[in-house]
Each structure stands twice: as structure tokens, then as C-alpha cells.
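Below: one structure in C-alpha cells.
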Amino acid sequence: MAKVNLIESPYSLLQLKGIGPKKIEVLQQLNIHTVEDLVLYLPTRYEDNTVIDLNQAEDQSNVTIEGQVYTAPVVAFFGRNKSKLTVHLMVNNIAVKCIFFNQPYLKKKIELNQTITVKGKWNRVKQEITGNRVFLNSQGTQTQENADVQLEPVYRIKEGIKQKQIRDQIRQALNDVTIHEWLTDELREKYKLETLDFTLNTLHHPKSKEDLLRARRTYAFTELFLFELRMQWLNRLEKSSDEAIEIDYDLDQVKSFIDRLPFELTEAQKSSVNEIFRDLKAPIRMHRLLQGDVGSGKTVVAAICMYALKTAGYQSALMVPTEILAEQHAESLIALFGDSMNVALLTGSVKGKKRKILLEQLENRTIDCLIGTHALIQDDVIFHNVGLVITDEQHRFGVNQRQLLREKGAMTNVLFMTATPIPRTLAISVFGEMDVSSIKQLPKGRKPIITTWAKHEQYDKVLMQMTSELKKGRQAYVICPLIESSEHLEDVQNVVALYESLQQYYGVSRVGLLHGKLSADEKDEVMQKFSNHEIDVLVSTTVVEVGVNVPNATFMMIYDADRFGLSTLHQLRGRVGRSDQQSYCVLIASPKTETGIERMTIMTQTTDGFELSERDLEMRGPGDFFGVKQSGLPDFLVANLVEDYRMLEVARDEAAELIQSGVFFENTYQHLRHFVEENLLHRSFD
């Protein structure tokens, strides 16, 4: 089937007035290849040309004023080809001096007693406006587009095309296209939405702020609705082929394993285990997200599930994003399982004969549980009968990587784990219909980490506090944002310089260095020394953000903490507080922005990762929270997942009803269904 368009035009781009081969090249750089693309190329913002009352105008604000010229314009030249034109206006009985730099031609256009409209920066003290645009009344020649356009669309453009040109070309296109409605009359009436025709025309040429708000609301809902139709349809297709073998685990053996654990499970852990076990008994494949705050005990839950698979005769796989984390998981699971399970580690560092033997053992089921990095998804990694695939910190992998691991078993159950609690909005968008288990309870005996914020000039006091902890036999992390100094970020501390400074302070043998440029063997050596308490202080970049577990570490200093988002800061902080000893986290930062100050304040107020994830999403937006490409989120033109989260839930419910009821597959939705199928359904946002 050919590509289905919801916007159809009788013309090609080349047939539009003002578009030739050179313009086509520029438009293609803007990803505009068809008339439909042009119509859907929406403004990034709007310039407000509404004339303002000067009595209400704030000093140094950008304003639009209208007044009568009462002195002839005067031009003064200075420097090399520079000029300054001065003219005086009477604006509602207020004498205003207008200055235009490097626009001497305006002298011939502005006449005495003429009414003109000026846009520029207002100086309240001097009663002066520095103009950047001027509109003349109907008696004069207009130097810009008509000032009657109160809201002027502004587009992202490139060299070779001007704002006026793209506005004119979009206006031409809108006059001739046929726009098929994306929403039914019933949906539009139910949620008081506009037609797509009105919406697109208004987004490009708004007549009022009220119209623009209505159009943006309609388009935002439409984007979210189409996205959710795609998600719900994919879920339907996935579940239709989601038969699974029932995992007939030995409950008595599992209970015995839990009883042998050196600690008692929290109620949240027990609840999560029960939810996962119910999924394993179900006739369809499990798709579950296990989310829990740092140190909440997700790995133990995963271990119990792996053990259950072993009792049923199946293998398990655990994929993590880094080698350090893979090694730590392997160590902790081997300690938990003892001789009851054969655990193996496969990373990029495992090569040659060792790798060959491991793969043979995996295929003949000598290995019960395989832990590794993306090396697990390589073609030569063949399981005998894998029944459970676990992906830790799953948002750090692309959708395709996760799918490849899942396909290692024909009827494999899938468990995703994350220590970055997912805000509800993103959970709906990224994980769709996936079931979610949450561990919001920390193990008994854990004390909340005391977090404080210090300015750079208080560094010596922080150092004294860290030294006090070291004297108690504890260990400490020191985190920096950069590996080496940068000429672009001269005021940001780098890990190498701080490492050398602390070596001088504490002695060379007591301080270790960890960063991403070290080889896997070098990282492993440093981490082993820190884990074995051969070094007291580990100076590191964010490579320790996830998973590193050293219970004796009770102090963390994060240098230039304002350079990190809330979720990253919280993950870093989670490296301490992993025992019954009191732990401390000190944020060293002198933020210059309100956002930076707010982040530091929030971090000192709460240690709740779920609350922090919501605040982080509000401050950074969904694109930065995961990274759009990593998360599978589309880049919406109008919709905002933070601001429009209620609308997202409504769109999701409506899409789910259409798909699940089967109404979407009736003739009424034929055009929209073909559009979603041909343009969205199998599109990857990775």
C-alpha cells in the first residue's frame, strides 16, 4: 500500500509560487519534502505585535507601541558604515524618543505627523525605545508585514529562505490542500476540540490568542492520540503472539531459598515477588517493570525469580549497561546463590577460549544464569532454554537492543528493572501497557542520607568533614563532572586535578581514580581496591552512578553538583547509605541560575527518588530525562508530556477503547487506520 496522507495537495513543492530548485534544497534541509511536510512545519514561537500601554510596560522589556511622529527623523553616521536614526513620537500624551541603528533608509519613509508602530526595547527611565522593526500606516509604504497581525509566527529557518517567504509558501499550500480529519466528530465534541482545518490555519496564522490556545490544544491532543493509537495497536499485536510456557516452579524450594537469605524481605519486596510469580504462571509472556529507589533491594527480587526459573528447569539472563555493574551483579548473585545455581558473566572483555567454553556451557544448560552487558545480544550467544530475561536500568538501552535479547527465547518472560523511578507520565508513554511493580520501602536498619549544600568557598570545611569519616574507618566518594580540564568550562572542576589534589592531602596510596577513559581492566582494579578497602577515597566521574555497592562508604562529595540533573544526583547519592551506618552527601555548588539553586534546595529536602523523578521531569522535560532517542519518545511538535499529562491519559484511554473494542478496525476509521499503519506503526523512535 502506498503512503497514506491525511493532508493531500494537487501540487508538488516546485509548483508553488516562489519555490525553485535552490529553495527546494533549503527546504529539504528543514526536512520539508512535500506540501504535506510544509503544512505540518509549525512555528517554534510567535512574536506578539499587540500594541501595549506604556504606563504598564516594564523597564527593558520588548514592547510594541503606536504613536504620531512629531519631529522629522534625523540620521547621524559614525564609525564605518554605521548610523543612528532618531525620531520622536507622541504616544498617548507621552513623548517617546525612538532610535533605529543602521536603518538610515527609514528617513525617507517616516513622515511628520504620520502614525507608526514600533517594536523594540523600552527604557522607562529615558522614555526611549530602541526599535528593531517599524510598521507604517496605510498612507506610507510598509517596511514590514502588516502590523495588524498581532501574533506573528516565527519558524526555524536556514540560510537561503526568509521568514516572510516560508509564511507565504505555507499560506499558498493551505489554500489548496485537502485536509482529512484525524479525529471523529464525536471525539471533537466530547473534548471541545477544533477541526484540523481550523487548527492548522490558526497555528500558522492566528487571529487571536484565544484562537491560538484552542488550536494548540487540539493539535496537542491529536499528536498524543495518534501516538497512543500506535502504542495500543503495537500492544495488541504483541499480546496476540504472546503465548508463553507456564513456569512450573517449585514453591517449596523457593521458600527455602528465601528463608536462607541473611536478611528479611520488606513488604514491598514480597509484594513484587508475588506479582512477578503470578505473571510467570500466566499463559502469556510477562512484561513487567520493577522500579525501586536506590538501595531498595531490586536485585534480591530478581535473584528470587531467577532461582524459581532454575527450579522449573529454565535459564535466566540479566543484561546491564556497564561492565562494572555486570561484575557487581555477578558477585552479589554468586554470594546469594552459593552452590545452588551456576552463574556466569559475559562482557566484551570475555574473549577467546574462555568465551567459547562459556557459550558451550550456556547452550548445553550447564549455566543457569547469565549476566552481562550488550554482549548478551550477539548472534553466537545461544541459550538452551531461557525463560526469563531481565534488563537492568533498561532505559539506557535502545528498544531494538531489548528486543534482541528477548528474542533469545521464543516464549521468554521479560522483567525490566530501574533505580530511576519513572514519573507516571513517562511510564504511560514509554512503557505503554507494561505492568509496574514498585519498591518504595528501604530495607530495615537503613538510615536516611543526610544531604547538605555547600558553596565552593566552603570546600575546606567539607574536606574536614570527610576526613572525620575516614578516621572512623569509613570510605568516601568524590564526584566530578569532567575527566580533564576544558577551555569551554574553565570554572568546572575536573576529576584528574581533584584526584591529584587529594593525593597530596591524604597520600598517594589512599586515593583512587575512576573514569570512563580507563580500560575495563583498569576500572575493575580500582573498584576491587575500593571494595576491599585498600583505598579510602574514590575520585570518580558519574561512572559510579548506577549499581556500585560498597557498604563501608558513608560519605560522598559531589563537586559542581549544579551541573547534574536531580535524577543523576540521586543515583550518585545512592552509592552511600548502603549499611546501618549514618551516611552523608555534600553538594558543592555555586549555581548562577534559579534552576540550579532550586535543584540544590530540592536535594537537601528529600531522599525520596519517586518525588525527585517527578520534580526532575518538571524541570528538565521528557527529552532530557531519558534522552529522546534512548527512551523511544517521539519528538512532539506541540504536545508537552509534562504540561499535558492529563491530556495524555485521556488520549491513552480513548485510543485503548478504540483498539480493544475493535471499533478502530471498522470502516469508519479506515483512512486514519491506514495512516497509522503506513506511517507510524512500525516507525522506530530509537
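The backbone N, Cα and C atoms fix where each Cβ goes, and this holds for glycine too.
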Quick test of your reading of Swiss-Prot: among 296-299, 392-395, 472-475, 484-487, where does it put motif 'DEAH box'?
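Within the set 296-299, 392-395, 472-475, 484-487, Swiss-Prot attaches motif 'DEAH box' to 392-395.
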Please list residues from the chain of Gly292 (ATP binding site) whose Cβ is under 8 angstroms from its Cβ, counting only those at least six apart in sequence.
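Gly292 (ATP binding site) has long-range Cβ partners Ala268, Ser272, Lys298, Met417, Ala419, Pro421, Ser438, Ile439, Lys440.
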Is Val294 (ATP binding site) helix, strand or coil when read with DSSP?
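It is coil.
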Three-state secondary structure of Thr299 (ATP binding site) from DSSP?
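DSSP call for Thr299 (ATP binding site): helix.
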If you count the other Cβ atoms within 10 Å of each Cβ, which of the binding-site residues Val294, Gly295, Gly297, Thr299 comes out on top?
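Highest number of other Cβ atoms within 10 Å: Val294.
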Which residues, same chain and not among Gly292, Asp293, Val294, Gly295, Ser296, Gly297, Lys298, Thr299, have a CB within 8 angstroms of the centroid of the CB atoms at the recorded ATP site?
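For the ATP site, the extra neighbours are Ala419, Ile439, Leu442.
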Just jot down the residues in the same chain as Asp293 (ATP binding site), at least 6 apart in sequence, with C-beta under 8 A of its C-beta; none if empty.
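In sequence order, Ala419, Pro421, Ile439, Lys440, Leu442, Gly574, Asp608, Gly609, Phe610 meet the Cβ cut-off.
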Sequence gap of 6 or more, Cβ distance under 8 Å: name the residues on the same chain that satisfy this around Ser296 (ATP binding site), in order along the sequence.
Thr266, Ala268, Gln269, Ala419, Ile439, Lys440, Gln441, Leu442, Pro443
